[in-house]
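Q: Sharing a structure here in structure tokens format.
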Amino acid sequence: MDRHLCICREIQLRSGLLFPFLLLMMLADLALPAQRHPPVVLVPGDLGNQLEAKLDKPKVVHYLCSKRTDSYFTLWLNLELLLPVIIDCWIDNIRLVYNRTSRTTQFPDGVDVRVPGFGETFSLEFLDPSKRNVGSYFYTMVESLVGWGYTRGEDVRGAPYDWRRAPNENGPYFLALQEMIEEMYQMYGGPVVLVAHSMGNMYMLYFLQRQPQAWKDKYIQAFVSLGAPWGGVAKTLRVLASGDNNRIPVIGPLKIREQQRSAVSTSWLLPYNHTWSHEKVFVYTPTANYTLRDYHRFFQDIGFEDGWFMRQDTQGLVEALVPPGVELHCLYGTGVPTPNSFYYENFPDRDPKICFGDGDGTVNLESVLQCQAWQSRQEHKVSLQELPGSEHIEMLANATTLAYLKRVLLEEP
């Protein structure tokens, strides 16, 4: 037989034997997870995700208010509910009722509130389901994550919660969060990166301080903290005293004050003595000044003594000196005038004059830099990144923020 034909037949034979093997190798490669980046959990801040409500109320505060609904509707954020007169209905539905005996809050009679979209991102991408720009929150960040290869509801998920309440009343949330993190670890073959904003950082600190170190080492790759109020926020005293409409002209500060006071998380975010001087005056009035040692008298003088009980219930929820025990990245805005103290001529029912300090417009620099203290208190790396001129909400879409996050997730230089 021609030697050339023999060689060809031998090659064909070997190819025939190799082809099934190569095919199996290719299929095996396809079966391997395509995941090359860590899964991400996004945790919003105060007011930072949608809430839904269903009504079956014994009475209403105005004849224009709905007494009963057949299904759940958007309670937050729905701009149509913030119109004059209608806002009275909204406040009566979204407020919490504090029980001094149980030291917990309840929904008003006939109101059921739920948090939509746990594990999804929609309820924190846009606070208003109509996706108006005014309600845009995590949208730009999630879009960036998608551009880096992530998929909504799969390897990037949201962890929304009832932000009116402090962690001590949201026990089921933390169980669900732990289960979701463990599930994502199993599905995507590695630990999770937590990305939290504002009060969401306090929620995550509470969560991490209660996890065994072995659990954190296995399931958490890093914690990216954006605008964290570690030491509380000075503007909280103004919110409690005279209300804060966040510059929304159709909402009167005194009108919104009832809802803001009823949220336990508001009192939880008062300034803490581990960050602020005991001598610092936050509120000046013609008859009295208030430091953080004067909270009891402050609540008495504004006519809201439930707030003092709320503060007592929540002030020990996170331990200032106990670090999270995971790799931590603290990003914070500077150079934006941030309320630091308040001067009232008519206390507490008139807007104050405001003295400003440094920060991101909401969180004071003194508070967010609390994470510096953890650099010497944990083995895991603690990194800080200043965002000059970055406002509290805008930092989520800040180019420096997104570039930093991309480096953490994709381990780019």
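Each residue, glycine too, has its Cβ placed from N, Cα and C.
Annotation source Swiss-Prot lists signal peptide at 1-33, citing similarity to another entry. Positions annotated as substrate binding site by Swiss-Prot: D46, M199. According to Swiss-Prot, the N-linked glycosylation site annotation covers N99, N273, N289, N398, on the basis of sequence analysis. The Zn(2+) binding site annotation in Swiss-Prot covers S198, C355, H392 and is backed by similarity to another entry. According to Swiss-Prot, the feature active site, acyl-ester intermediate maps to S198, an assignment based on similarity to another entry.
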Q: Express the distance between the Cα positions of N398 (N-linked glycosylation site) and H392 (Zn(2+) binding site) as a whole number of Å.
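A: Spelling it out, the Cα of N398 (N-linked glycosylation site) and the Cα of H392 (Zn(2+) binding site) are 10 Å apart.
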Q: Nearest of the recorded positions to M199 (substrate binding site) by CA-CA distance, picking from N99, N273, N289, C355, H392?
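A: Going through N99, N273, N289, C355, H392 one by one, the Cα closest to that of M199 (substrate binding site) is H392.
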Q: Please report the distance from the Cα of N99 (N-linked glycosylation site) to the Cα of D46 (substrate binding site), rounded to the nearest angstrom.
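A: About 22 Å separate the Cα atoms of these two residues.
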Q: For a quick check of packing: other C-beta atoms within 10 Å of the C-beta of C355 (Zn(2+) binding site), how many?
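A: There are 15 of them.
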Q: Within 10 Å of S198 (Zn(2+) binding site), Cα to Cα, which of the recorded positions D46, N273, N289 are there?
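A: Among D46, N273, N289, the ones whose Cα sits within 10 Å of that of S198 (Zn(2+) binding site) are D46.
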Q: Whose Cβ, among the glycosylation sites N273, N289, N398, has more other Cβ atoms within 10 Å than any of the rest?
A: N398
Q: Just counting, how many other CB atoms are there within 10 A of the CB of M199 (substrate binding site)?
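A: Excluding its own Cβ, the number within 10 Å is 26.
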Q: Neighbour count, 10 Å Cβ-Cβ cut-off, for D46 (substrate binding site): what number do you get?
A: 20
Q: Have a look at the recorded positions N273, N289, C355, H392 and say which one has the shortest Cα distance to D46 (substrate binding site).
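A: Closest by Cα: H392.
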Q: Between N273 (N-linked glycosylation site) and H392 (Zn(2+) binding site), how far is it from one CA atom to the other, in Å?
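A: One finds 23 Å between the Cα atoms of these residues.
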Q: Would you say which of the recorded positions N99, S198 has the most Cβ atoms within 10 Å of its own Cβ?
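A: Neighbour-count leader: S198.
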Q: At a 10 Å cut-off from the C-beta of H392 (Zn(2+) binding site), count the other C-beta atoms across all protein chains.
A: 22
Q: Cα of C355 (Zn(2+) binding site) to Cα of N289 (N-linked glycosylation site): how many Å, rounded?
A: 14
